[in-house]
Amino acid sequence: MSEKQMKEAFVSNLNGTTVLEITQGLCFPAFCILCRGFLIIFSQYLCSFSPTWKTRFLTDFVVLIVPMVATLTIWASFILLELLGVIIFGAGLLYQIYRRRTCYARLPFLKILEKFLNISLESEYNPAISCFRVITSAFTAIAILAVDFPLFPRRFAKTELYGTGAMDFGVGGFVFGSAMVCLEVRRRKYMEGSKLHYFTNSLYSVWPLVFLGIGRLAIIKSIGYQEHLTEYGVHWNFFFTIIVVKLITPLLLIIFPLNKSWIIALGITVLYQLALDFTSLKRLILYGTDGSGTRVGLLNANREGIISTLGYVAIHMAGVQTGLYMHKNRSHIKDLIKVACFLLLAAISLFISLYVVQVNVEAVSRRMANLAFCIWIVASSLILLSSLLLGDIILSFAKFLIKGALVPCSWKLIQSPVTNKKHSESLVPEAERMEPSLCLITALNRKQLIFFLLSNITTGLINLMVDTLHSSTLWALFVVNLYMFSNCLIVYVLYLQDKTVQFW
């Protein structure tokens, strides 16, 4: 067996892990981000120096990226303990911040909480959405390289037919996260003009993805790089899936109201599942047109990638609806609490629906992107969003206690208007108003596509230079951390230099 065949076999015929374990793994970085905020506040209280871009980068990398690498590799069997540990650590930091509070030092806790709930917020963007996109991007980047090393648990890799692997969430989470900040969500007035102009711009935005998809295909075929055939097919890749999604969704949003995106998502998934169950569509995906697994012809060669696009369109529409809800103008802490509770209840309802669908209809299948897969992706995305929102609220409370606390990529606090004053008094320090958010989270959010491309390129280069199958645990851990450090540093420097590469 050649090395290419050995590497392909290493990531094939896998069945995944439990939904609960993946959910715990997703929530872990949300609490890491919360602890990051506490550490920044605590360090500002103890030390009065101004952090440089280097210290901010190292802080974010050590507190967020390194634990994520460990969670997907050497600490994979202790996710629940990690989660409990970071919660206890965060609670300890919050208690210390509360004890050292510089605001309302003589007021009892309930009075402080009452004042906090009346605080207003301001932010250029929603920190929870930014952190969601960063977490999914970082998880994906870590996994696409780590999966080729023995230290990466096989249960986290992409499943062959049915099951839930951590990497299965990566593709769906990427689509969902992109949908929450798509042009239709961010600029609703953009769709109120000429529909032809809107669709033309949508077509124009995908042409770079066409080159990226074709370029990736050409490189992989020319160097004989290992491929997982049943993932997308012979020629298809994730770039082509994104292209089709970005071509279909504008047409749907021209026909249907933007705020009814959830109905479109539900309709597509239900009709698609009915087609899988009551037509020959499922047989076509699994066995081709001749029933024996042929790869002759464009459709047979890429049947998984082409047909599963329907599921990703539904996930995108669900992301659009969530983005609309998240971007509504909310200016009070109380409003954020209601949003977090609503998302949490919606996620729980979807997880219950997932159980019912898996028992009575069909198990989760990334290969087909079926109904259960779509429900699982949306439910997991909402549970992560609600965790991040709750973390934002708790971090805002910590900032409320310490005068002048600066935490990049978090809500800015403003005192609620008082009847005898024309304007509200801002709690946002002047430094935070004038200084850009120099943090790794903001950089990865703004440069998500560059980070994704860079991760794919460096993963390929490392696989060509390193014998991943026979690497020791220590060496593999060093390589993966160095790979993430290099990619994050490049993206961070590009962000500081304000180098922007955007296609939509």
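The backbone N, Cα and C atoms fix where each Cβ goes, glycine too.
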Which candidate, of SER50, SER416, Swiss-Prot gives the annotation phosphoserine: SER416
Candidate annotated as N-linked glycosylation site in Swiss-Prot, where the set is ASN15, ASN118, ASN329: ASN15
PRO51 / THR473 share membrane side in Swiss-Prot: no
Touch test for the transmembrane segment (449-469) and the transmembrane segment (238-258), at least 3 Cβ pairs under 8 Å: no
The transmembrane segment (132-152) in contact with the transmembrane segment (474-494), cutoff 8 A, at least 3 CB pairs, sep 6+: yes
Intrachain neighbours beyond the transmembrane segment (306-326), with Cβ under 8 angstroms and 6 or more residues off its ends: 126, 128-129, 171-172, 175-182, 184-185, 232-233, 236, 241, 244-245, 248-249, 252-253, 258-259, 261-262, 264-266, 268-269, 272, 281, 284-285, 299, 339, 366-370, 373-374, 377-378, 381-382, 385
Chain-internal residues, separated by at least six, CB under 8 A from ASN15 (N-linked glycosylation site): ARG155, THR159, GLU160, TYR162, GLY163
Assigned conformation of ASN15 (N-linked glycosylation site) - DSSP reduced to three states: coil
